[in-house]
Each structure stands twice: as structure tokens, then as C-alpha cells.
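Per TrEMBL, the feature transmembrane segment maps to A:6-26, A:61-80, A:92-112, A:132-156, A:185-205, A:225-246, A:258-278.
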């Protein structure tokens, strides 16, 4: 039972990985292939900040999120925006190139050594609920994930900014006819996705190891969470992430090395049975 | 109110407009008529900022707007009801209307006023815009443009793809806006409808305006000649 509950906890983290991708893919109709590398880069920034200031990684996380917001804003404005409107391939190629550049920059700056973020006593703390011993850090990950999903859903669902980005996603040209500065809106949205990824990176670094080459695997989990949930659905990314986490946990019960394999198999089965993802079930009802 | 002076425009090596000049006074409605390829869409594209003019200028209330970005032009008071409505399918009816007010231009148009002018829309406010009939969608598109509190409203092919009954509903709404003193430029394929719904008309052909004048008492034979180029 504890293994499955831990699957839910790790799934919440996958959901957070996926949220940034869900926003770029579903709302901005862009694919950022460097998404996983930005998560790892954020983890390194958190590590450096934590070591430099001598404080807990969680204290540095808000600052890293702000830094990554600016990085996302500038990246969209100066690089990705220039590739839009020229077909689907240019943004894919540019972000693929960015992924390689980022991996090499991280290798140069931080070496290939495996690192992690030291959670301190938080890492070992646990609480007893209904006879089950649950880690405080995984529980915190779940709570933070729900809070971020709720906030994102509220911002994109019922604010002026949210309406503007959904309208821009439907039609860039018509959105401009409404007075929406679409390139600015997309830049803010990309900033938000990287800020969310930075928060995910903090919890990732405190719960596992990372090195410059682990980005693509984060990207894969993020992609699977989004597809499992349903492209374009914010809460779908969380549902998809949790299903992926649960599948991996169930697989590891059979054999500890089967976790990722079972996760990928469940992804394939759901993709075949429900191409629209889990949220398509809700829409059918 | 809005003046177009000796406008030349085109796309790449292709020239489309050759010295278009028009003037619409406050409260007037201009009907822009002409066959496909006459230059109506390019004229609207220049007015809304999507095509930069090669020469000539457009002034709105005395301020030059030609060459500005589409978003700046909306902020200065020029709104458009695009051809084919182009509502945002992922937004509800009310969200589509609210997005029209994105530029925060001050004025008397708000949700309440739009619902009072188009009462059929209020019960549909929470519905996805894509679930509406063509006529209802056109009313939403007009309401959305009005939410920006425009000085001048451009309407492109309002009757396109609508049933005759829906066209009547849409043009009743246009009549009401005219009665309220709104300045309008409408592009319409149905010449009779265009003349009946305007104060002045301009017939475009080959990127120029061979014929223009008051809509009341316009000579249909003369318009047909200009429209089809039977000089």
C-alpha cells in the first residue's frame, strides 16, 4: 500500500513536470523539446543558490522560479517567437537545438557528476496516517503540486490574461484584432511554464539525483503525463502524472527494475485505448 | 472621422491598391462593394494594420493610424467584425465578448449594453461560442467588436454563410447601431442590401474606386458597370 501511495506522490511530481509542457503544447500549440533540460538547469540553479547562501533549497526555490520566469520570457521573445508562423518544424528544431546547448552548458559549468539537493531533516521526516508511515517531503510535493495546479487553473481559466492566451491559442491574428499583444502574452506564458518547472525541479532534486544528461528523461515523463491526461487539459496533466507514478510503483512491486517499463507500457495502452487521454472520459460523460 | 488618402498597398511584388481615397464622416455608414479581387480585403487589412501601406495615409479622428500595429489601431478606436465571424471556440459567449474589451478603451459599451442591444445573447452567455447558430455567432462577433468602444466599426461580409432569416437579424442590429450614431464601413456582396444599409457607397475595381456617391438613389446600372468593369 505504501508503495502505491508513494506512486501517487511521485506521480504528482510528474504532473508538475507535465504542467509546463501541457501549457506550451495545449494552449500555446508549441513543443518545447528543451523542457526537461530546463528542469535540470533549474535544479542546478537551486543547488548553486542553496550552497552560495547556505540555506535550505526550499528557501531558494522562489528566487529560482523568478529567474526562470525571466529566462522563459526572454527565450520566447527573442528565439521561439521568431520561429512561429513558419510551420510546425522550426520551433521543434530550435528547442531541440536548445536542449543540446543546455546539456553542454551544464556539463561545462557543473561537470558530469551526479548531484542532488540536500533536503536536510525534511528528507527523513515522516508522519503516521491510518497506520501508514508517509514521508513529509513526498506529502509536501503532493500539496505543492495541487496548489500550483489550482492556481494555474484559476489563472488560465478565469482571468483576463487566461482569456487572452486561450484566444491567442485559437487564432493569433483574430486575437490581435482584439488588441491583444500576442507575442507578449506568449512570452509571459512561457515565463510561467519555466517558473512552474523550476518549482518541480526543486522537489525533483530533493528526491532524486540529477546530472546534465537527465533532462530528456524528465521530458519523457512530462510528455507521458500530458498525453495520458489529455493534451490541453491542465488537470489532465496531474491525473496523467499520477497514473504514470502509480503504474511505475505497481511495476516495481513485481520487480524493482520493472517500474519505468510498466509506466511506458501503461502509457502505450492508454494512448491506444483513449487517444484523447483520461480527460476525454470526462468529456464523454 | 476616418479618411483614406491616396493609399497604395500590396503583397511583395504584387500591387493591389492604386491610390484609394475615401472619407467617412461621424455617424455615416459607407458600403464598400466590389467583386472578388477588387481590393476590399486589402483595404481592410491596411485599415486594421495587418498590411503596411506603400504610400498614402489613413487618419482616424485626425490621428494617423496607417503603419501602426493592429493592437495599437484597436486602442485608437478602430474595431473590426471579421469575415466568417472568427469567434474564439475555446471561449464561452461571454468570454468572447469580454475579450473585445481587452484594450481597456473607455466608453459606453459594456456587457450590459451589448446584452440590451442583442438580448438573444444573454441566455447563451455561458455556452461555448461554437455551439451557436451562424446568426447568433455574428451577433457575438459584432458585440465583441463593440466591447472595444470603437470610433469606427468595420464589418466584413456580415451575411456570408448565413440563412436569409439570420441575415435579416444581423442587419436589424446594424440598423440599430446606425440609429445610435455609430460610424461604420461595411463590405457586402449583396449590393441591394449594402445600399439599403448605408449612407454612401464606394465601388472598388482593380484596386481603385471608379464610382462612389450617396447610397440613396444610386444608379444600379451605373454600379453594375463599375462593379463588372463594363465601361
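Backbone N, Cα and C define each Cβ position, glycine as well.
If you look at the transmembrane segment (A:258-278), the same-chain residues 6 or more away from its ends with a CB under 8 A from one of its CBs are 224, 226-231, 233, 236, 239-240, 243-245, 247-252. Spatially, the transmembrane segment (A:185-205) is adjacent to the transmembrane segment (A:6-26); three or more Cβ-Cβ distances between them are under 8 Å for residues at least 6 apart in sequence.
For the transmembrane segment (A:132-156), the most Cβ-contacting stretch among A:6-26, A:92-112, A:225-246 is A:6-26 (pairs under 8 Å). In this chain, the transmembrane segment (A:92-112) does not touch the transmembrane segment (A:6-26); fewer than three CB pairs sit within less than 8 A of each other, excluding pairs fewer than 6 residues apart.
Proximity of distant same-chain residues to the transmembrane segment (A:225-246), defined by a Cβ-Cβ separation under 8 Å and at least 6 residues beyond the stretch ends, is recorded for 4, 7-19, 21-23, 25-27, 145-146, 149, 152-153, 156-157, 263, 266-267, 270-271, 276-280.
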